[in-house]
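Scroll down for the structure; my scribbles are underneath it.
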There are 4 protein chains.
Amino acid sequence: MKDERQMLHSDEVHEECGVFGMYDFDGNDVASEIYYGLFALQHRGQESCGIAVSDTEGPKGKVNAYKGMGLCNEVFTHEVLEGLHGNIGVGHVRYSTAGSSTRENAQPLVLNYVKGTLALAHNGNLVNAPQLRRELEYTGAIFQTTIDSEVIAYHIARERVKTPTVEAAVANAMKKIIGAYSLVIMSPRKLIGARDPYGFKPLCIGKKENAYILVSESCALSTIDAEFVRDVEPGEIVTITKDGIVSDKSMCLPKEKQARCVFEYIYFARPDSVFDGVSVYGSRIYAGRCLAKDSPVDADLVVGVPESGNAAALGYSMESGIPYGTAFVKNSYVGRTFIKPKQSSRVSAVKVKLNVLKEAVAGKRVIMIDDSIVRGTTSHLIVKMLRDAGAKEVHVKVSAPPFLYPCYFGTDIPSSDQLIASGRTIEQIRQIIGADSLAYLNIERLKELSEGLPICTACFTGKYPVDPPTEDIRGEYTK
Amino acid sequence: MKDERQMLHSDEVHEECGVFGMYDFDGNDVASEIYYGLFALQHRGQESCGIAVSDTEGPKGKVNAYKGMGLCNEVFTHEVLEGLHGNIGVGHVRYSTAGSSTRENAQPLVLNYVKGTLALAHNGNLVNAPQLRRELEYTGAIFQTTIDSEVIAYHIARERVKTPTVEAAVANAMKKIIGAYSLVIMSPRKLIGARDPYGFKPLCIGKKENAYILVSESCALSTIDAEFVRDVEPGEIVTITKDGIVSDKSMCLPKEKQARCVFEYIYFARPDSVFDGVSVYGSRIYAGRCLAKDSPVDADLVVGVPESGNAAALGYSMESGIPYGTAFVKNSYVGRTFIKPKQSSRVSAVKVKLNVLKEAVAGKRVIMIDDSIVRGTTSHLIVKMLRDAGAKEVHVKVSAPPFLYPCYFGTDIPSSDQLIASGRTIEQIRQIIGADSLAYLNIERLKELSEGLPICTACFTGKYPVDPPTEDIRGEYTK
Amino acid sequence: MKDERQMLHSDEVHEECGVFGMYDFDGNDVASEIYYGLFALQHRGQESCGIAVSDTEGPKGKVNAYKGMGLCNEVFTHEVLEGLHGNIGVGHVRYSTAGSSTRENAQPLVLNYVKGTLALAHNGNLVNAPQLRRELEYTGAIFQTTIDSEVIAYHIARERVKTPTVEAAVANAMKKIIGAYSLVIMSPRKLIGARDPYGFKPLCIGKKENAYILVSESCALSTIDAEFVRDVEPGEIVTITKDGIVSDKSMCLPKEKQARCVFEYIYFARPDSVFDGVSVYGSRIYAGRCLAKDSPVDADLVVGVPESGNAAALGYSMESGIPYGTAFVKNSYVGRTFIKPKQSSRVSAVKVKLNVLKEAVAGKRVIMIDDSIVRGTTSHLIVKMLRDAGAKEVHVKVSAPPFLYPCYFGTDIPSSDQLIASGRTIEQIRQIIGADSLAYLNIERLKELSEGLPICTACFTGKYPVDPPTEDIRGEYTK
Amino acid sequence: MKDERQMLHSDEVHEECGVFGMYDFDGNDVASEIYYGLFALQHRGQESCGIAVSDTEGPKGKVNAYKGMGLCNEVFTHEVLEGLHGNIGVGHVRYSTAGSSTRENAQPLVLNYVKGTLALAHNGNLVNAPQLRRELEYTGAIFQTTIDSEVIAYHIARERVKTPTVEAAVANAMKKIIGAYSLVIMSPRKLIGARDPYGFKPLCIGKKENAYILVSESCALSTIDAEFVRDVEPGEIVTITKDGIVSDKSMCLPKEKQARCVFEYIYFARPDSVFDGVSVYGSRIYAGRCLAKDSPVDADLVVGVPESGNAAALGYSMESGIPYGTAFVKNSYVGRTFIKPKQSSRVSAVKVKLNVLKEAVAGKRVIMIDDSIVRGTTSHLIVKMLRDAGAKEVHVKVSAPPFLYPCYFGTDIPSSDQLIASGRTIEQIRQIIGADSLAYLNIERLKELSEGLPICTACFTGKYPVDPPTEDIRGEYTK
């Protein structure tokens, strides 16, 4: 029981990054807009953030950057933002596993290279980063961070020596780097966006007055009152200069090879984002509907585990006609710096975070929708809380299939031995979490979530769109 | 338009405080439990917090206290909590208007007096504090804060000289102080709770293993796994010593004179709290039902303005049969330290905080439930956002009557000239906020929210249960 | 040996406070001048500091104050100083023993009382504070700090009810408070300075353009380019209003009862201060001359233990003709926040602070002058360092008599059992510190240091000018 | 006059760095010793500091590092130090000009390269860094800092691919890098020290128990109770492995080409350091003697401008027989974070820092010794302060020749147009500073300061030991 409490915080799956780039042709400073854009992407990374800006009319290579550990509102102040002058810029929010959560690894990576400066913000993970690092080292390269972005930067820099433009260097670099990446790159006079040919991670284009934007999720466009233009296609490189946008699709793969991360639809992305034309909110409503269709159960109330289970619960309610309700109150002050109760404490972290509305559930048969079960410890506690509050039955529905395989593309799914679904039947899991019934999203339904767009389902199926790395990509040195 | 943006943050009504006291008869340290209790009361005050503890078996008057500006998780660390030894203690979270938001005013107030030490945590506002201060000053008293709690402390100290026990001194002091107060007081060997005879503010008793708790809201009992015992009655003084609980009801008024703050039900209290036997959640569901009954409108969707409008929206949906849905995504990282966009910014604070789910509202007739309209600026913007997202109609329902009068009992309602409802018809307000229709909760319904318990409705009706102060109680000196 | 290392930091005697008040008749802000004045008094207290200002033409009782733990340059910023508007103000720097080194105790004490506000800065210790506290408590007073200043404030407030002016209230209060105090008090329209009748602590008057200053030491006047006017006399109350300075000497004692702290001359005060007409530097030079006259020894070099031993060393050199030199390099980055080596460390705190100039002492017979020996641990280490550097002989001269008795007037001298001189002969001490010879300042010389002004020599002689307290004045509660 | 005040802080010449490396063969952690070593080198750099440690028996390339802006005691805590496990490590303190004073540039530089990790600490400046950067960029290198150390690291990394050992790679790199550098490098199993062939900057070897140390100045050895072994020779590479020390002198130049920075003797180094066999203290005493011999003047008192002028003043006194005295009291709390008075302030920064001892100088003819006059603004003010205090005459002696030329080897001497001596006769300077007479150290004396060791005197003579850079080495990009 004590162990379970402690695992709460890690009983979630984490995204690894969000990127935001902006180029204002009218010469206005972009730092403030980038800040609010990052703020809207904060759910994609809470450990560090940074902004680098430059002036396209100023001296080449004069970059102002500010990075720090923590949330956007912890790192930045009005004073800092006002000191970041420049009409072109990139920003980044980052999540990472504990070992490499250091300030050195904060992005954007800002560097001097043969043609001045380059600032690079990256979302995703390469599968061949270790090999590429080693190859570079054998030609005398030095690495000051443990992030893949530095490997990408090196390849761009080396290609730039041989190619006429930075976008061509990016294209050449893309021939060597393999894996998941959505990139936003600022060179002295250009803003470049690139998405890996599989399209694992989102990246889209926005416009606000006379400025272009490149951003991980469309929700951030609404936040700053910008309009959505279109998604960057998997494999596409878009180059924004004062003359407008140029697209290079030479690196694109046939559509059927694409492999969007389906977990963006299920959990990562904000519901108000639209990813490659598919509404994330609609996708979650649909997942709820599927659960109602595929594994119906008689009950009095459908509730979501906040926040992410709510949309699927609504979908379940719509499909089944069973009333939607609220069963939980979440303490909205539980943040990054929350002091977790110690093992010796008589207080449970789950109860600090969530409380049950007795009034709402007492005497009722409850369907509880969650987006995933990782280790199962939290689910067990929440089911028990519902019962203690008087729920007569608790039926758990998960709006995703069971996690069975690690992700090598930028998602922090724990290793198999920590996944409750690994090596267990659904009935065994049901017993562990103490539910009256348990159902997962049918794996066949996954492709419907993206309205038929090709997706990566490796964490559920083990079918990796590209070969996973042969060596441990997490075996990095600590700084 | 610029002005409207800036007013967003102040377009809310604030509670002023939350209190938490605990006495563990087994001698266990209580600081950690108080911390998590305050954490559950954080919505009642975000500007400062503090904990004072003592050891009932140690030397009389040895108090350990720690206070600071900010949220609980900003002020306290494991290290600080572990340094706060003692099996009896009080804690406090505080909100205040800007002028007196200083560290000096943070509570609990810790002081030495004739019988050792006293630590006092207070929720509420006295109406006769200025007179009492002046009277005390004319006998040579000095004041180091601008909080009413210091006036209360003085009266207790002066009475203590003449009375055999501290609880008797509290009772005597209560004969002089007039207004709203829920108090938790720690004297060297006792924990005392007292609630003003009108019962403006909540205060209840809990129990966990061999410890008693006094706390503003019952939700905090669930958080620390304690059980609810009962409410402290309006006018009651409860004294907890190692021999148990003793109650003094000599200060109680006839029930019909009681005047619970109805806004606790409507907005302040957490929905998972039960205030004087009435579920706050149930009260809000009921308010929604009333709106559906009293001012029905044909529509496709009922949504709440997060978070506080959601319960009433659910009630409206239940009563009307119109489907409940989610229309807004709230950025959960907007916190106390949020950098608001400057007036000159091209970014709107409302959009940074809230985004509309187009998918959910496009083409629909939407009923939007909010718990109050203060200045009206936010409502205007949100209605517009719904329309921009494609809502065909927007009908606004408010789960409270219009604010018309100031509160003198601890709630930060702006003066009449800033209240949109002051001097305007509902039709005029509707036009200002741009809704297709607008309805408020019928004022007759208010008493039903508390299931018939006597309430204070002064902010809506101007009928004050006690005479409001004749001089400005906010005219305090700044430190 | 390990113990010795750890004791280094506490092997000093500490002053307890410095005060600074200013009243600018031209209406200029005084916060900046007070800041630099406190900066010049920083040696008198390094644990907390604060400034309170007011506007003599503004609303009565509108006080701006800022206090914090740490040095002036840690607590204040340009931004804070610029926010402190007012043409009248008081400032304070404070040292305290560990137990009560809390923010609550930081001064100036700012309070509301019968006539508006009072800000009070105090240097010294009362001997009857515990009795006075108890008496006040028996009339219903509450205490929020553990500093004597609050007792003084109470007396002034109570007298103020009965007297026509605040200066009369101060005079009446002075009839009750006994001990050491130099006070600077700001009431809404007046700046008041008072010095206890014994004159333990310094206080003088300065002038800069059209502003008057009250300050602990004259060195701070030079710092802000003000001129010295005169000392406040022991027992005198000076009241500065827009009409000028008024003096009240009704509380003065016959001169022979005065008892200036002789340790101000020997160690506390900055050498560039003049205390009651006697140059501190001159006094130290004279002490060195006395040592040379009274206990001459043949040697090649006279050196001071930095910084405070240097002036006496120079005096010794002048008198004896033995060349003055520098034997030590002090690390000037050792500050308040210095991380002392742990007991388990292989590094000695003394060596981190001081290093010997081998070049200067090798092969020489050295006379080393220090201003005091408290526990003796540091002296032992320094003598050894000189020998290790090649000094042939090390003769230690102390520019004060041996410490034998505790101080009750505001100086942090450890209790007798920790004083090396207590119960030991000089020969025994010499052996412990390992010197070739040891001499203290002859006790008869003390009165010559102040050029005949009456002094308190209680810490050397046990002859207290007022009766010491009968109960432990340090037994305070911890916050 | 206002301008003069503001220039005070910049009216000094700054050193750029200090380095410290340690290898403990017994496996003890070295972080704590490195910390105290850096503490003793703090005068060489106050803007950032850092420590990187590794375990020679642990996995290759596992490095723990911690860097930050500020002084050692601001950046490090016991907790941080205790988290830095490893028996081999390097540390660094850094000063820089404002533009590039960023956290990114803090050292040691820690990087992964072909053979694992490398941590590098560097004191000095290369004259061909811009060319080397450009050359590296043309082969695809990326730079993340603006410090020369990154250029050095690249060369070592590239050479390492082709050479069998890291020390051989260092030797090869030294063939390309030109300028001033004292390096301490930690590779997984080795600690390497190297000094440029000219020997501009100091570097010496120490020993403590079973550990070797490489450090900028010998004073830091005393601080941690280590013994001095010998200096690293100009051009020498020493490699410390578990088998002991190996020396490579293949890069050494003929002795007459060596060019030690003479300003280390005059001002930079701590007086208790011995640099290449010559006592810094002795050197300064000698400079004072020379001034007395070469430009004698009749006077009553010789004083130094603290702290650095004191040793030369003592030398002058010894030689001339004129008594040495103290004229100034320096406020020892003026630190890095000192709030300088604003231009509009009525307070002078010089007076905040220094005060004159009237008692010591009144009525006297004073000889005042300073180590340099940069812009002359401070000198002017100090001379005036002496006169205001009653000095009858003020004769200024400078223990160095006039600054006339910029330094390209790591010293922050302002450009010629800001140097008072540039284009002025000594008589003109005398008039500006208002002295009765003025004399500089005779330029012929410089070589005697180093007891005949070859020195660099470029800042006085313009004779650069290596060609200065043809492009501005300070034109760096800002991060």
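Each Cβ is built from the backbone N, Cα and C atoms, and glycine gets one as well.
What TrEMBL says about this protein:
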type: ACT_SITE; residues: D:Cys17; note: active site, nucleophile
type: BINDING; residues: D:Cys261, D:Cys407, D:Cys456, D:Cys459; note: [4Fe-4S] cluster binding site
type: BINDING; residues: D:Ser308, D:Asp370, D:Asp371; note: Mg(2+) binding site
type: DOMAIN; residues: D:17-243; note: domain 'Glutamine amidotransferase type-2'
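Feature annotations (TrEMBL) mapped to structure.
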residue  : record                        : Cβ within 10 Å
D:Cys17  : active site, nucleophile      : 28
D:Cys261 : [4Fe-4S] cluster binding site : 28
D:Ser308 : Mg(2+) binding site           : 20
D:Asp370 : Mg(2+) binding site           : 22
D:Asp371 : Mg(2+) binding site           : 24
D:Cys407 : [4Fe-4S] cluster binding site : 21
D:Cys456 : [4Fe-4S] cluster binding site : 26
D:Cys459 : [4Fe-4S] cluster binding site : 25
Confidence summary for the domain 'Glutamine amidotransferase type-2' (D:17-243), mean pLDDT rounded: 93
Which binding-site residues sit within 10 Å of D:Cys17 (active site, nucleophile) - Cα, from D:Cys261, D:Asp370, D:Asp371, D:Cys407, D:Cys456: none
D:Cys459 ([4Fe-4S] cluster binding site) to D:Asp371 (Mg(2+) binding site) - Cα separation in whole Å: 14
Distance [Cα-Cα, Å, rounded] between D:Cys407 ([4Fe-4S] cluster binding site) and D:Asp371 (Mg(2+) binding site): 17
Proximity to chain B among recorded positions D:Cys17, D:Ser308, D:Asp370, D:Asp371, D:Cys456, D:Cys459, where any Cβ pair is under 8 Å: none
Per DSSP, three-state class assigned to D:Cys459 ([4Fe-4S] cluster binding site): helix
D:Cys261 ([4Fe-4S] cluster binding site) - helix vs strand vs coil (DSSP): strand
Coarse DSSP state, helix versus strand versus coil, of D:Cys17 (active site, nucleophile): strand
From binding-site residues D:Ser308, D:Asp370, D:Asp371, the one whose Cα lies nearest D:Cys456 ([4Fe-4S] cluster binding site): D:Asp371
D:Cys261 ([4Fe-4S] cluster binding site) and D:Asp370 (Mg(2+) binding site), Cα-Cα, nearest whole angstrom: 19
D:Cys261 ([4Fe-4S] cluster binding site) versus D:Asp371 (Mg(2+) binding site) - Cα distance in angstrom: 15
DSSP state at D:Asp370 (Mg(2+) binding site), helix/strand/coil: strand
Residues within 8 Å of the D:Cys261, D:Cys407, D:Cys456, D:Cys459 Cβ centre (excluding the [4Fe-4S] cluster site residues themselves): D:Phe200, D:Val262, D:Phe263, D:Phe409, D:Thr411, D:Ile413, D:Thr457, D:Ala458
Other residues, Cβ within 8 Å of D:Ser308, D:Asp370, D:Asp371 Cβ centroid (Mg(2+) site): D:Ile266, D:Tyr267, D:Gly304, D:Val305, D:Gly309, D:Ala312, D:Ile369, D:Ser372, D:Val398, D:Ser399, D:Ala400
